[in-house]
Every structure is written in structure tokens, then in C-alpha cells.
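Trainee: Pasting a structure here, questions to come.
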Protein chains: 2
Amino acid sequence: MTARNILSYSYEEYVEKITAFHGYPAPGVLIGGFMVDLAVKNLPEGILYDAICETRTCLPDAVQLLTPCTFGNGWLTVLPMGLFAVSLYDKFTGEGVRVFLDVEKMGPWQEIRNWFLKLKTKKEQDSERLFKEIREAGPDILELRNVKLKPGFLEKKHKGKIVLCPQCREAYPAQDGELCLSCQGGSPYL
Amino acid sequence: MTARNILSYSYEEYVEKITAFHGYPAPGVLIGGFMVDLAVKNLPEGILYDAICETRTCLPDAVQLLTPCTFGNGWLTVLPMGLFAVSLYDKFTGEGVRVFLDVEKMGPWQEIRNWFLKLKTKKEQDSERLFKEIREAGPDILELRNVKLKPGFLEKKHKGKIVLCPQCREAYPAQDGELCLSCQGGSPYL
């Protein structure tokens, strides 16, 4: 069995880490580990980088576990476009790399292909084979390209002035309008 | 000094944990710890719960560190309404609790008030006093109410069929249209 590493972790340590954080070793977080590993190794050393995940599923947890970028600290942005891709980029210049899955490289890894393209239901999946393929394929199913961010995505949004909502009495960003977004209809509660 | 706990952690252990994950002990993640602690303690024991954060700032990291809910596993939803509030709710019934900050309780904690309402710039903040107040105030600045989710927020979104985008050749959810959302103009890259 090929020795596999994901940044400073052995593959097995990474599996333990994601099981503790994500709840279970989901295929998307396992593959995400190789994706982040490849991206980090292709960045210039010592730069401060931010991350974009192009899907909300699984991949954000690989980024949060392996890089300084978390959702709550704002260095990870999730753009829910349903694409299984991640980019890491210099937070000042916007230059960086994007890693994504290449279906054309999945020939030898049919169970990964079945999972990725949802060609089998979860019940039909051969999980044992899928996990074996993920470990063996490692970065071989990945593709990398250089990217540069559009200027609009580099600007940090600021909340501006904080005021109390006249309806719910909670603090909210004044720029959202005369009521907070929740009282404007965004509330998820009955 | 009052002993403080955040779920199974001592306050000091929690500070260490968030420093490792979030990068630094941000006031919002510290207070967020007390918020999640209060919410968890007010849920029936043994239920499976999901989480909603009503802000993208800081609070999501407290949820991710203290509960099974992460962004990538889909049990944490972030509704970016700029409200510093979190709810935990039974994922089947939608019944749960919402914890938020109550400005009216901040009388004895002026530096928390200054931070929360952005009455001082970061430079003017007395960080030492702010951290001291956060630890001392603990849950005393929090308010809790019972909530029930609107049915639309309980439904899990499914990606449906996956197809290859005819333009970029990457896999995307067919329901998004004839091209992936990135090729439709959502791409953050030049």
C-alpha cells in the first residue's frame, strides 16, 4: 500500500481528524484532503492565503481542518455553485491555484466515478471499494490550474454601523435597511 | 474568579481550542461559546439537532467546535443576516432554542457593549478589559427563547442529477441549468 500523506498528517491521522470533526469519513472530505494538500503545495511559501469552496458540501470541512481558513474567521468563502473545487489564493494579489476533480482521470477508479457522478444510489455503493480507491487514487484524479480573483471578490465586506432593530430590538447592520433582515422576512422561525 | 465552563471544556481549554481553529481568541467566538453552551443545555437530551447561525462572523466557529454541526456536513446552516444569534433545533420536529445577545443586559459590561455595537474602533478598544468582561459576564448577557422552524427550512436540499458542463467539462447539478453556475457568470476568477 502506497504511503499517503495529507500535509503534515498521515492519511490515517487525517481520517481520524475528519471523523472527529465532520462526524464520519465522508468521501468528499477524504478527497478534499488531497485537494487542499495539492493546492497548498502549489502556493508560494509563506504567503497569507484565503480559500474559496465552490460547493457547500464536504469540501469546506477539509479546508477548515487543514488550513488557517475557517468559515467563522472569514478566510474561507463558500460559493454554493455545486462544483467540487477549491481555490487558495494570496489574499492581497488574488493570485492562486484552483483544484478540481477531473472525470477523465477516473478511468481506473470506477467507484469514485460512480460516487462523483451519482451513477449509483448510496445503497448500491460499494463503500469498501470506494474508500480503497480514494486512498489509492490520491491526487491522481485531481487537476490544478492557476487562477486570479476578480477584484470584487478580494474586497472585504464591512458591516458598517450597528443599530437596534425597532421591531425585534436586536443589533443589526444599519446598511440592511430600516428593519433587520430577519424582521424583513428572512427569519427561519415561525 | 468564577470558574467557567463551556460544555465539557474549562473556559481556558476552550480559549486554546478556538485559538488553534479560528486563529485567535476572537470576542465573538468566546461569547459564542457561552451561547452554544446555553443552547445545548436547553435542548432535550439525546435528540439529533441541527444549527442555524444568523451571522457569518465568528459564531459559526463556536458551533463547529462545540457541536456535531459543521458547515461541510450540512448540519450547520449560516443565514447571513448580520444578527449575532444561534439556534439549535431538533432536526425532525424543527423545535429548539435560539440564543442571542441582549443589549439591555450589558449595563455592567460596557466594553462588551462598545465592542458589540461598534461604539469604539478596534484601536480604541480596551482588549484586556473586553476579555475580562467576556469571561466574567459569561451567560449573563444572553437571552434564550424557544423557536420552531418554518417547514421550508427543515427540508434537505438535494443536488439531484449530476451532469458535465458543456463549457468547462466539470460535474454540476443538472437543475442549475444548461451550464454550471460558474459558467453562467458566478465564477470568482478572471
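Start at 1 and count along the chain as shown; that gives each residue its number.
Any Cβ shown, glycine's included, is placed from N, Cα and C.
The Zn(2+) binding site feature in TrEMBL is assigned to B:CYS165, B:CYS168, B:CYS180, B:CYS183. What TrEMBL records for B:21-146 is domain 'Formylmethanofuran dehydrogenase subunit E'. What TrEMBL lists as domain 'FmdE-like treble clef zinc finger' is B:156-189.
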Trainee: Averaged over the domain 'FmdE-like treble clef zinc finger' (B:156-189), what pLDDT does the prediction give?
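Mentor: Taking every residue in the domain 'FmdE-like treble clef zinc finger' (B:156-189) and averaging pLDDT yields 95.
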Trainee: Just to confirm: which same-chain residues, 6+ apart in sequence, have a Cβ under 8 Å from the Cβ of B:CYS180 (Zn(2+) binding site)?
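Mentor: For B:CYS180 (Zn(2+) binding site), the qualifying residues are B:CYS165, B:GLN167, B:CYS168, B:GLU170, B:TYR172.
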Trainee: State the non-local partners of the domain 'FmdE-like treble clef zinc finger' (B:156-189) in its own chain: residues 6+ outside its ends, Cβ under 8 Å from one of its Cβ atoms.
Mentor: 74
Trainee: Count the residues of the domain 'FmdE-like treble clef zinc finger' (B:156-189) that DSSP assigns to helix (H, G, I), to strand (E, B) and to coil, and report the three numbers in that order.
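Mentor: DSSP composition of the domain 'FmdE-like treble clef zinc finger' (B:156-189): 8 helix, 7 strand, 19 coil.
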Trainee: In this structure, which of the binding-site residues B:CYS165, B:CYS168, B:CYS183 has the fewest other Cβ atoms within 10 Å of its Cβ?
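Mentor: Comparing Cβ neighbours within 10 Å for the binding-site residues B:CYS165, B:CYS168, B:CYS183, B:CYS168 has the fewest.
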Trainee: Taking DSSP states H, G and I as helix and E and B as strand, how many residues of the domain 'Formylmethanofuran dehydrogenase subunit E' (B:21-146) are helix, strand and coil?
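Mentor: Going through the domain 'Formylmethanofuran dehydrogenase subunit E' (B:21-146) residue by residue, I get 50 helix, 26 strand, 50 coil.
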